[in-house]
């Protein structure tokens, strides 16, 4: 593909779709590190203008990474619903953006449209959308999923309790989890990042999270976020798991560096269906995040927004219960500052929803990134208005195991209150039964983790 | 299960985890002291990223200073590849001023926390030298690399050809500790070495792995590397 355009008296030429896609991105350090970003604001705008005029069939006919060479490309290509694609193939990317944003097209229209869109087409649209476009479009799309409970309804903001402990201490995990529950956090999942990735430890953590769920009849699901193979070994041994977890990359080589293959994911799908403890049908928890393919040198010169979209193309094949972009975790060489993290969070959420996925976001940053907790306050409110399915909470926003900052339990409760959103329906009822809320408002018990200590 | 103590139940819970629990609330927001403490800890972490190692510490141990291809902190953060390569003048300087092909080369770098070096070097460095000497190892000319990444070990290895190299480097600061240091070790560092060839002792600070203990442990590992002529996942420890 060769395209040329004249903008403000200057002529810009692009030699491939890959180049147009990369240069049309809003500025981010990862694209600069990869050496593929636009050289100037004008060149960036020229790339956006050229991209807006491309048709969807052009995007399909010029694969960035051939389906013959990459199984994620092949999966995305094979998923495409021909009947839908035939109707839209002559649309330009500009027309696709306007269809998505039009008041006439509601959630069901967009989810139908989604079936005819490849991940690259969705990424292309995101590149010519403003932050408010990304919020408006995503807010229209309602994606409900069911594992033990159902989340994703309009007006519901669910949450993951992330009660990590630096040495996987069971009592320490419980203490942090009690704190979460007392703030109404944990309706999407109670999910632990383990320090020790052994079968016995995964087994113990799955048991303990399930014990808390059973002791207090909590309508939620449990998960331990280790490598999928160690979860499979624990589940084979009889560990109770509602969800099975894995991080995904947008290329076959990227997944290879994560130590996973499609057949491994297929195997895990069958295992959790057979031996998992949830009714389903949605039993996967996937995590993604811009930049992981570049960090494992598995990016093929493709920009990190497009690669992130391809993660969603892979994820949707497995009909997950939740998908989470860990947006600010990877570090400043991929997303340098709060402006870049905020943009990426909104892009990822929109692109995931446009794939029909139940998107959540870990609103987070590391200490070597040019960002602070005020930036997370901002992003959490923006994602709340965009209708994010869930967010992640840790005590006072400080994850004492992973050494980064996310949202606090307080923060998620605050977003819910300010935006008039509620926890998942069954979980909200449970909070009323426990006396933590009354008519949806915190009682004096809220914020007191000791109410879950067995004092008899 | 957690309440087998007659102490205040909240204190009982808090003793099980360093997580910031039991903080209470006003409305849905945390109390003022906890918010300000959290922001203070973040400030300490950020300051240690952007800080510099005082010359006094370096001169105390006669460490001269070279730089990588990094020119500013922003450059360092955005281009990890440039932090792995020494500045052009540094190569010639090392060749001229350092002992060639020592058994052990010790290098110090600020990495992501200058504060880690400032707080720990005075304890770790002399103890490390003692530990290496106790194994009768020949120690090269130690120096400091400003703006280094872990893999700068490989280029230093190419220039000075040590049998083993120890890099003391500041870790990415967390809120629990902004002054944590790591010691990376590799047998015959050089081009093509993989992460799995390196070994690390992390979390070195007063409330983590005690500096003296870390220094002794490094000595033991280096001695084993030289005996077995390998490092990383291949080393039998």
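Even glycines carry a Cβ here, placed using N, Cα and C.
Because TrEMBL annotations are produced automatically, they should be read as predictions rather than curated entries.
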Matching residue for the substrate site, where TrEMBL names A:160, A:161, A:162, A:287, A:362 - out of A:131, A:193, A:389: A:193
Among A:246, A:295, A:401, which are recorded as binding-site residues, the nearest neighbour of residue A:193 (substrate binding site) by Cα: A:401
Residues A:160, A:161, A:162, A:193, A:287, A:362 [recorded substrate binders]: greatest CA to CA distance in Å: 15
Inter-residue C-alpha distance, residue A:295 (adenosylcob(III)alamin binding site) and residue A:362 (substrate binding site) (nearest angstrom): 19
Coarse DSSP state, helix versus strand versus coil, of residue A:401 (adenosylcob(III)alamin binding site): coil
Which listed residue (A:287, A:362) has most other Cβ within 10 Å, given these are binding-site residues: A:362
Distant-in-sequence Cβ neighbours of residue A:161 (substrate binding site), under 8 Å, six or more positions away: A:176, A:177, A:180, A:181, A:185, A:186, A:189, A:190, A:191, A:393, A:409
Rounded Cα separation (Å) that holds between residue A:160 (substrate binding site) and residue A:194 (adenosylcob(III)alamin binding site): 15
For residue A:162 (substrate binding site): intrachain residues, at least 6 apart, with Cβ closer than 8 Å: A:180, A:191, A:192, A:193, A:392, A:393, A:394, A:399, A:406
Where residue A:295 (adenosylcob(III)alamin binding site) sits in the secondary structure, as DSSP reduces it to three classes: helix
